[in-house]
Amino acid sequence: MSWQQRVDDALTARRVTDTLRRRYVVSQGAGRWLVANGRQYLNFSSNDYLGLSQHPQIIRAWQQAATRFGVGSGGSGHISGYSVAHQALEEELAQWLGYPRALLFISGFAANQAVITALMKKNDRIVADRLSHASLLEAANLSPAQLRRFIHNDTQHLSRLLQSPCVGQQLVVTEGVYSMDGDSAPLAEIQHIARRHHAWLLVDDAHGIGVTGDEGRGTCWLRGVKPELLVVTFGKGFGVSGAAVLCSESVADYLLQFARHLVYSTSMPPAQAQALSASLAVIRSDEGGERREKLAALVQRFRAGVNASRFTLLNAHSAIQPLIVGDNSRALRLAEALRQQGCWATAIRPPTVPVGTARLRLTLTQAHEACDIDRLLEVLHGAGE
């Protein structure tokens, strides 16, 4: 088989199963409205849960820092790219979340890959929830450690896997809020089981940080859990981009030596770090609390209005509200039907989700109004098959 045939066969396989991914060019993709091809849609696909990507205070912080620092960091943080803005943000994050240290990464994918590949050795074992993010599972597969997956949120299965003999160390991997199902992990029980077996716990709280808990401290704080490794990302609740790993002093020093994604990458622009500090200030303020309360009310309104006879609604109380439709083609048709009625929603299909669970992944944000939710429900019930 030639290179070209390999590429063509892979693309053909995606096309015939209605799983070929496509990008859409948009003029505006965050906030209440999405603008594409000159048309405005109610946006139910954005991760900008608190609407902070459009916040004037955060925009101004980025602009002012770009004037001071320029638009790039100029290098790896180990060379010349670790500015006072980066240092300030790390210290603010650590204080906010109650950890000795925080380390910044350019993305959540990079943070998860870096931590797992740096820590795990040949005789170690990773025990991960089956629905963990692709960045976590890919890192686990690429590491020299053994990967075992437990049934989603099944703590008994997790316990059985941890009980089997392991020569090295064990790392339990889960998420705070799951990106495709929108549900939460039983973190307190998972932490108890991990500690009973002397395993460390890594929690990726990409979809919980900023959005839940006191001052937006996230799912772990809400559940009274403090994992050895907490990964938070800034493209959702913070409305910007990037990520951080919260950990102990010694683990931070270790990652600075052995996390290749950190050592060999240009750090985020200082202006981005300063914008993130401004975003954190909003999240922790009374305004941030009001934004979280509004989002929670919108989620409740949506769930109360969905016709369960037409759609399978998962037990999700986060901003992520997936409607399971099963068939790939039906999911695509529903997404297109919603767009025709002015609502932008995304059809999620395998391999992102298991076969037979294609869905509309609807995301609600603080930028929406109650009338937007009512319009979405009206269109959904009219488009049901």
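Any Cβ shown, glycine's included, is placed from N, Cα and C.
Note that the structure is predicted; figures quoted are calculated from it, not measured.
Feature list (source: Swiss-Prot):
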type: BINDING; residues: R21, H133, T352; note: substrate binding site
type: BINDING; residues: G108, F109, S179, H207, T233; note: pyridoxal 5'-phosphate binding site
type: MOD_RES; residues: K236; note: N6-(pyridoxal phosphate)lysine
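In the three-state DSSP scheme, T233 (pyridoxal 5'-phosphate binding site) is classed as strand. The closest partner of R21 (substrate binding site) among the recorded positions, by CA position, is S179; the full candidate set was G108, S179, T233, K236.
S179 (pyridoxal 5'-phosphate binding site) falls outside any helix or strand according to DSSP and counts as coil.
Across the structure, H207 (pyridoxal 5'-phosphate binding site) and T352 (substrate binding site) place their CA atoms 17 angstrom apart.
Counting only the Cα atoms, the space from H133 (substrate binding site) to the residue listed as 'N6-(pyridoxal phosphate)lysine' is about 15 angstrom. When the record's pyridoxal 5'-phosphate-binding residues G108, F109, S179, H207, T233 are compared pairwise by CA position, the greatest distance found is 13 Å. Residues near T233 (pyridoxal 5'-phosphate binding site) in space but far in sequence (CB under 8 A, at least 6 apart, same chain), listed by position: S107, G108, A111, D204, A206, I209, G242, A243.
For the pair formed by the residue listed as 'N6-(pyridoxal phosphate)lysine' and S179 (pyridoxal 5'-phosphate binding site), distance between Cα atoms is given as 11 Å, rounded to the nearest Å.
If you measure from the Cα atom of S179 (pyridoxal 5'-phosphate binding site) to that of T352 (substrate binding site), you get 10 Å. Between F109 (pyridoxal 5'-phosphate binding site) and T352 (substrate binding site), the C-alpha separation comes to 15 Å.
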